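Q: Below you will find the structure I want to go over with you.
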Amino acid sequence: MTLFAVTRLELRRLFVRPLGWTIAALALAELGWRFALLLQIFLLNQVRLAALPDGPGYTDLVAVRLYSSLITGSTLPFGVTELALLLVPLLTMSTLASERNSGTLPLLFSTGLSPSSILLGKYLAVLIWLTLWLLSVIVLPASVAHGVKLDWGMLGAATLGTFLALAVLAAIGVACSAFASHPAVAAVAAFMIGVALNCVNLGAQLAGVNIGFINWLAMSTHQENLLRGLVSSADVIWFLLAIIVALALGIRRLAADGERG
Amino acid sequence: MNAPNPALPPVLQLEQVTRNRAGRPAVRDLSLRLHAGQILGLLGVNGAGKSTTLSLIAGALVPDRGAIRLLGKDFLEQPELARQALGWLPEAAPLWPELTLREHLNAHGRLRGLTGIRLKEAGDAVLERLELKDLAQRLAGVLSQGQRQRLGLACALLHRPALLVLDEPANALDPVQVVALRNLLRELAAAGTAVILSTHQLSEVTAVCDRVAILHEGVLRYDEPLPADQHAALEKKFFDIALHGKAQAT
């Protein structure tokens, strides 16, 4: 299928550009430092925690906290989700905006590919890149699994939640790249939409107001359940809906390119 | 001129194609036929609608009205036809600067449905034919303009299309490369490929084309076979249309 030809082309472009490697290296370095600090704090409090009945363990205090700072209430900055808010737009900004800038987008259209094949092919490539990045992050908490009691079920749910959050941010990033005429504009737009979607309920929460719809709208609400180990179809459906809406808007914009020129 | 075979449908057929851009018609009621082995030169001043016409033929733009048929089939209803039947070199050969020449050919080949050994052989053949073999592992971003143009041509030729659409193919080529390009186009036409090329240079058309079409303000003003040694007559016709807008519609 030529959709996979687009995926292969985009993956190749992602892997040969220094930006992708720089992003991955800086993010892994920050997460490694975060993991070391979380592990140190856990080890210092291990005796006290062991005395608590049903107290939090390694999975709650180290592994899951690696995924998000904001949601888990960690005092250390930048978990995977917070880093992704910044890094995913940088990764996705060139997917379509630079093709439009350099004139290669009409070439893709001339191969008979539909706008949906082009956009989904590119989205799939970004998703593969992000999956590899997430797998390399999981290695950190799993590396000490032999010496601690790791709750694989909870880690699995948290990883699923983080993967879905990355998938939503990637869909938003690719859609913004489809709309923007310049990669930098796409990155800024994707960053702002990602932050807004993640924190839309924060103001209401700080004010002590519980507004159901705003809470439902926020990505953090749904990711929080998964980070706690609770996998519910309602949360998974929210993520899928967000991905579908973002990609559908992107496809619509790309189709207009062929019609408007 | 290669005589068209009446038993075969034309490789390309445009019927009353109209396309508006920025609120005004860039191409108006354009009808055109091109048979296997023909080389059509598309002439016109800047803004005449040449690039829009080629983008429409290449499938990069959708016409507002009219039909485009490729090998007798409606191109808009079966866009996948383009995968095998069409090769396109847009103006200024758009490339991915971070990829090597070989990676460009592999990407274009896969997008056109070539895989495995067929892709490798087709890539080797065009690199050899366009004298790019020594540059196969070089990044496209560091190529000269002439090399970029030849790479764009290689990508368009890779899958041996029935119709080759070229927008200013001689741009940035040195005189030796221009002659090589002319020879290549003649060779392709002799093998049955239909070629449509847009250019500003009348000499390009008289040197290689067996038919000429002149667009002016989006309208086809002239479409005739081009007998040998007709440079002076073509030059007069072109300037009549470009400067005074007068010509007999065909």
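Numbers here mean position along the shown chain, with the first residue as 1.
Cβ coordinates come from backbone N, Cα and C, glycine included.
Features from TrEMBL:
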- A:21-44: transmembrane segment (TRANSMEM)
- A:64-91: transmembrane segment (TRANSMEM)
- A:84-195: domain 'ABC-2 type transporter transmembrane' (DOMAIN)
- A:123-142: transmembrane segment (TRANSMEM)
- A:154-180: transmembrane segment (TRANSMEM)
- A:187-216: transmembrane segment (TRANSMEM)
- A:236-255: transmembrane segment (TRANSMEM)
Q: Taking A:21-44, A:64-91, A:187-216, A:236-255 as candidates, which has the most Cβ pairs under 8 Å with the transmembrane segment (A:154-180)?
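A: That would be A:236-255.
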Q: Based on Cβ pairs under 8 Å, which of the stretches A:64-91, A:123-142, A:187-216 lies most in contact with the transmembrane segment (A:21-44)?
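A: Against the transmembrane segment (A:21-44), the leading stretch is A:64-91.
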Q: Work out, from DSSP, the number of helix, strand and coil residues along the domain 'ABC-2 type transporter transmembrane' (A:84-195).
A: 94 helix, 0 strand, 18 coil
